[in-house]
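As recorded in TrEMBL:
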DOMAIN    473-565  domain 'DYW'
REPEAT    26-56  repeat 'PPR'
REPEAT    57-91  repeat 'PPR'
REPEAT    127-157  repeat 'PPR'
REPEAT    158-192  repeat 'PPR'
REPEAT    259-293  repeat 'PPR'
Amino acid sequence: KCTQLGKLEEGKVVHEHFLKSKFKSNIFVLNTILNMYAKCGNLDDAHTTFDKMPIKDMVTWTALITGYSQNDKPEEALALFPKMIKLGLKPNQFTLSSLLKASGAVPSDKLGRQFHGFCIKYGYAWNVYVGSSLLDMYARCGQMKEAQSVFDGMADKNEVCWNALIAGHARKNEAEDALKLFWKMQRQSFKPTHYTYSSVFSACSTIGALEQGKWIHAHMIKSGEKLIAFVGNTLVDMYAKAGSIKDAKKIFDRLEKIDVVSWNSMLTGYAQHGLGKEAVRQFEEMLRLGFRPNEITFLGVLTACSHGGLLNEGQHYFGLMKKYQIEPDVFHYVTIVDLLGRAGLFDRAQRFIEDMPVQPSAAIWGALLGACRMHGNIELGTLAAERVFELDPHDSGPHVLLYNIYASAGRWSDAARVRKMMKACGVKKEPACSWVEIENTVHMFVANDDAHPQKEEIRRMWEKISRKIKEVGYVPDTRHVLLFVDQQEREAKLQYHSEKLALAFALLNTPHGTIIRIKKNIRICGDCHSAIKFVSKVEKREIIVRDTNRFHHFSDGSCSCRDYW
């Protein structure tokens, strides 16, 4: 009873009582006491009890192994197995399941594969309980082919098997596979659990699948599931990452129990949407209500300050980390470099990097390089780029940024040198593409795309829109065509960027007044950003663009980023 209720102190009293009784050496009683300590998380007393037991059986070893495995101490659990085997004891299904759980929590799948061999040897490989743990082990190690193979070989399946496979795909950002399994699971009459919904919401968030996420949310409500903590948190995260920060806030306000993860999900959402002031208000409310922030909380609010240009607030919160005894890691330092750099305070940003107690990483120099591109600081940008090349020579992003800095300044020979360097190092720029989802079909576009079935209508639509926005003040910003060509050709090249084609397609194929949602695999082009602001005004449409860095909400001629990006 003490084990079921988690009453550790009362359990200790009962233990003391047994030690004074004739049952003090009874293996059944001692196994129950060992299990109580393990389940209550008191592993020191569990191991002490284990060491003092005059006789140990399979249940004894399994209880201790399970205790370590369930309390995030996989190495200790795995170390017990060889000792147990030397004594000639044969593991049961519970032992193997706990060992497989521990194997899935260590970096390599080498031990897990060996335990797979033991499962076959002892005849438990197709046991549904062991099979579920085996599948989960491979999934946690990222070995999805092996996980699928175990799943396919199981004669009897339960919800745990399906959940483990769906969660594995979601963790590997294989969202489409996770969603397909979710539908298949129901067709085979298995009912989704909280764990299923949590994994599927995570999958939707990685690809920004808002409509599918909404459908699954509705499915969860109809099935009678409540917004308990971890499902609610993944739902908040899904809505925020899929582009609906308003829905994320609605879910946050309805959560039955709010924890630090809930606050972090909301803060990260505000940061991604560039809503710095809202993030600051949320953070202050969190502190007022007595929640203790962790390192992820501070990363969220610092990123929001960086994206929103809130210099004083960002520096204040960075200093506040000391009060909560949180040591900043490299990601926190990146946000401050980004914050200072975006504000054009390059001397302070450089001094900050020099004074850091940690070695500057490629990400830190990359943040400075991005700010130099924003402000056209060629000398410091060149220095930052050189540091990035030393630390991460295969990342195409910094090479492209340096090329853009030189090209924007008209230094074409230096720009050509960067291109040659990229070719010599085998670094390739990721082609820009944008996509829009309409009626469950994803339509993808690249610059000057001529492969879409509606290519002629799309081009005519954009030409029509282009004329309308020029009438109200849009002027093509040819600085964003970083090629050595004349002004007329520069303007022509700007007109058919992937995000403009995606927008024209969406205007053609969606009802007037609906929100248009566009996603892009790299940062939105500056000219496209300007053009979309004008389109939102003349077409009276809300347009949301998600690029690699953040969301841009365009409405009535302005953007949520206030052109600070």
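For all residues, glycine too, the Cβ spot is worked out from N, Cα and C.
Note that the structure is a prediction, hence the values are computed from the model and not measured.
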Review point. In terms of Cβ proximity under 8 Å, which residues at least six beyond the ends of the repeat 'PPR' (26-56) contact it?
Key: 2-3, 6-8, 11-12, 14-15, 18, 63-64, 66-68, 70-71, 73, 76, 87
Practice item. For the repeat 'PPR' (127-157), find every same-chain residue at least 6 residues outside the stretch whose CB is under 8 Å from a CB in it, and list them. Key: 93-94, 96-98, 100-101, 103-105, 108-109, 112, 115-116, 119, 164-165, 167-169, 171-172, 174, 177, 190
Point to revise | Summary of DSSP states over the repeat 'PPR' (26-56), given as helix, strand and coil counts | key: 23 helix, 0 strand, 8 coil
